[in-house]
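I have placed the structure first, in the form of structure tokens, so that the comments after it can refer back to it.
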Ligand code: AMP
């Protein structure tokens with residue numbers, strides 16, 4: 001069956017009529033689709049009868065000095081991926097179709113939106129939650145699938161669903177990596193071979209931390225890898241290394257028991273990368 005491409009609410013309604021009854025799953029993306037996105041589409045297919053993929057580079061979640069204008073846009077290739085994966089509907093609105101010129105109301109991510117990743121990207125999570133809520137309202141899925149790769153985003157979306165009583169089930173999918181550990185990201189295509197060699201130290205640091213016991217030792221082991229990588233050419237420029245509670249994104253105490261997320265963000269050249277692993281402590 002062909003993929004139905006839509007760009008606004010009226011087209012979405014028509015596409016749903018054409019697709020028929022059943023459970024709908026939404027996979028929100030910014031395009032430049034890779035194996036990580038494919039894994040979420042497959043997970044969505046296991047959760048529902050029909051999969052809708054949205055492709056929208058959301059200006060609200062980019063800061064003034066971030067890569068909105070140069071973010072990779074590969075729509076034809078994305079459509080081919082969606083067709084291969086059995087996606088029924090692609091929702092790819094223009095910016096002008098998503099945001100009214102006089103728009104005012106938006107979602108606030110609250111305190112959890114301004115720590116860890118949010119401390120380096122002010123208003124980023126407000127922008128993410130605003131577009132995700134709009135996508136939920138437009139597509140009206142029964143279930144939506146997000147990657148653990150963006151762990152704080154996933155946690156905040158679960159928080160929004162709980163706090164605003166959204167009738168949508170949220171499913172998280174594991175991070176897909178290259179054979180050598182590099183987490184797949186649309187931004188990896190910015191990396192030169194030397195950049196990539198330096199970038200590998202993000203996942204290397206997480207693995208070094210993951211085999212240790214206790215928050216301080218976990219962070220020390222990861223930090224040692226990152227400090228060595230800071231002396232490479234090109235250097236790894238660390239934004240943060242944090243070991244946080246998966247539900248709140250606050251730093252865990254030394255006696256923390258249960259799940260924790262070891263999260264890292266760094267720049268290599270002009271490319272900013274994030275990664276994380278889920279650990280069980282105690
Ligand atoms: P993006 O297009 O980067 O906004 O990502 C769209 C969705 O794909 C988000 O839910 C991401 O968390 C998820 N995603 C991105 N990279 C990966 C990956 N390597 N493995 C699994 N999911 C991913």
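Placement of Cβ uses the backbone N, Cα and C atoms for every residue, glycine included.
For reference, TrEMBL has these:
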| type | residues | note |
| --- | --- | --- |
| BINDING | 30-37, 147-150, 176, 184-187 | ATP binding site |
| ACT_SITE | 37 | active site, proton donor |
| BINDING | 61 | beta-alanine binding site |
| BINDING | 61, 153 | (R)-pantoate binding site |
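Everything TrEMBL records as a feature, shown here on the structure.
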residue : record                    : contacts (Cβ under 8 Å, 6+ apart)
30      : ATP binding site          : 55, 56, 57, 58, 71, 186
33      : ATP binding site          : 55, 74, 77, 78, 81, 82, 186
36      : ATP binding site          : 147, 149, 175, 176, 183, 184, 185
37      : active site, proton donor : 27, 29, 53, 81
61      : beta-alanine binding site : 124, 125, 127, 128, 131
148     : ATP binding site          : 154, 172, 173, 174, 175, 276, 278
153     : (R)-pantoate binding site : 125, 128, 146
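Among the recorded positions 30, 36, 37, 61, the residues whose Cβ sits under 6 Å from any atom of ligand 1 are 30, 36, 37. Secondary structure from DSSP puts residue 61 (beta-alanine binding site) in a helix. For the recorded site, residue 37 (active site, proton donor), the DSSP three-state label reads helix.
In the three-state DSSP reading, residue 176 (ATP binding site) counts as coil.
The 10 Å shell around the Cβ of residue 176 (ATP binding site) contains 18 further Cβ atoms across the protein chains shown.
Look at residue 148 (ATP binding site): DSSP puts it in a helix.
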